[in-house]
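In Swiss-Prot this protein carries:
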type	residues	note
BINDING	His119, Arg120, Lys135, Lys142, Arg143, Glu144	substrate binding site
REGION	152-182	region 'Disordered'
Amino acid sequence: MSQLDSAQLPNEANEVGEDGCYVGLTHDKLDVQRTMDRVRSPEAGAIVVFVGTTRNSFDGKPVKELNYTAYNPMALRTMISICKAMKTKHGLKGIAMVHRLGVVPISEDSIVIAVSSPHRQAAWRAGEEALEECKAKVEVWKREEFEGGEGVWRANRDGAPGQRIDTAEPAVGAGSGGEIDD
């Protein structure tokens, strides 16, 4: 194989798979079926999938799009740690978590989490818990772009306070998945 730089292999450094756990960060559209297939097992009686999409408003303000950014090495470590914990705690056969980065237009997918388990109850619980852990801990931030040009960076979780800014980058020291001060 010829030597290629990392820019020619963008997904190589943006995904990790081990012990029935798969995580990824990508600028491409998410492939829900591919994510489900990563957790499929003949020992599983249930696969639960969560797909988060960009909605068209936040707090009554029309949203144009979301723009996600991440500290990839740390985000991947946190994501795989969450997946391993969920797999052990809930007795899962597999778990996959893929987050989109960059611009995500209205109605497009920003995150896919798939879990497989012998029984549906564990799959439901694990899927929801994995999402909440991801939103609370993973080093991914989003900028909500509103109609009219205003934008707000906020931690990647519901109800997190935002900070109106004029630049296209999050504040330095914004924290590891934590809130950005008003």
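Positions of Cβ are set from backbone N, Cα and C atoms, glycine also.
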Cβ packing number for Arg143 (substrate binding site), 10 Å threshold: 21
What is the one among the binding-site residues Lys135, Lys142 whose Cβ has the most other Cβ atoms less than or equal to 10 Å away? Lys142
So how many other Cβ atoms are close to Glu144 (substrate binding site), meaning within 10 Å of its Cβ? 20
Let me know the DSSP-derived helix, strand or coil state of Glu144 (substrate binding site), please. strand
Max Cα distance spanning His119, Arg120, Lys135, Lys142, Arg143, Glu144 (substrate binders), Å? 37
Per DSSP, Arg120 (substrate binding site) is which: helix, strand or coil? helix
